[in-house]
């Protein structure tokens, strides 16, 4: 009997040498059983390797559910491979996002991402329309190219320089303002006040008395 047991144990030792343990990965394998031919374990979705211990190319996020497809944008990414830990695809210039499927901040019109045209008065714009967000420096319009009412300048030419308050006499708060708007003459570069109905104006020296009215600045307003 002892002789038979010794022979059996000897055969088991031979099996251990010829057929090593499966060692299937507990996360990436469906079970601990492997193929007797080559020892390939039964891998979960998008998992590869004899032991099922890493993601297949083009996938990421090795875990209990297997691996997820990278899903890189065919037009925004350089290829369909991503970082196997984070899933970040390799983006083309000016593209953005894990899948490289949108424009970088400050650009719009994916996939032909182009810089926002805000003339230096806004940092970002709508990614689909290009409309600038939150125009600064007293500017307005889709491209921050117009001064808000009561201010003047050319926001398109003076990049990052704010529109200036209209220098027309009086203020709205004083009750003696007769020009709420002004503009910059493109030929002479003079500031032209747009008088309200019933008033007209011309340039005068400061503090000139005309028609019993003392001007606070250097414009004359008369009734039409």
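Keep in mind that glycine also has a Cβ here, set from the backbone N, Cα and C atoms.
The disulfide bond annotation in TrEMBL covers 22-34 (among others). Under a cutoff of 8 A between CB atoms, and with a sequence separation of 6+ in the same chain, the neighbours of residue 34 (disulfide bond) are 22, 24, 40, 41, 42, 50.
As annotated by TrEMBL, disulfide bond applies to 24-41 (among others). Take the CB of residue 41 (disulfide bond) and look out to 10 A: across all protein chains shown you find 23 other CB atoms.
In sequence order, 24, 25, 28, 29, 41, 42, 43, 44 make up the list of same-chain residues 6 or more apart from residue 52 (disulfide bond) whose Cβ falls under 8 Å from its Cβ. The disulfide bond annotation in TrEMBL covers 43-52 (among others).
Summarising the annotation, TrEMBL assigns disulfide bond to 70-82 (among others). There are 24 other Cβ atoms within 10 Å of the Cβ belonging to residue 70 (disulfide bond).
Taken from TrEMBL, the feature disulfide bond applies to 72-89 (among others). DSSP assigns residue 72 (disulfide bond) to coil, not to a helix or a strand. Non-local neighbourhood of residue 72 (disulfide bond): 79, 80, 81, 82, 89, 90, 99, 100, each in the same chain, at least six residues away, with C-beta under 8 Å from its C-beta.
According to TrEMBL, the feature disulfide bond maps to 91-100 (among others). Around the Cβ of residue 91 (disulfide bond), 20 further Cβ atoms fall within 10 Å across all displayed protein chains.
DSSP assigns residue 135 (disulfide bond) to coil, not to a helix or a strand. Summarising the annotation, TrEMBL assigns disulfide bond to 135-144 (among others).
According to TrEMBL, the domain 'Laminin EGF-like' annotation covers 22-69 (among others).
The domain 'Laminin EGF-like' annotation in TrEMBL covers 70-115 (among others). Computed over the domain 'Laminin EGF-like' (70-115), the whole-number mean pLDDT of the model equals 97.
Positions annotated as domain 'Laminin EGF-like' by TrEMBL: 116-165 (among others).
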Find, among the disulfide-bonded residues listed as 135, 144, the one whose Cβ has the highest number of other Cβ atoms within 10 Å in the structure shown.
144
When you tally the Cβ atoms that lie within 10 Å of each candidate's Cβ, which of the disulfide-bonded residues (82, 100) has the highest tally?
82
Least Cβ-packed of the disulfide-bonded residues 22, 24, 89 (other Cβ atoms within 10 Å) is 22
So for residue 43 (disulfide bond), how many other CB atoms are inside 10 Å of its CB?
22
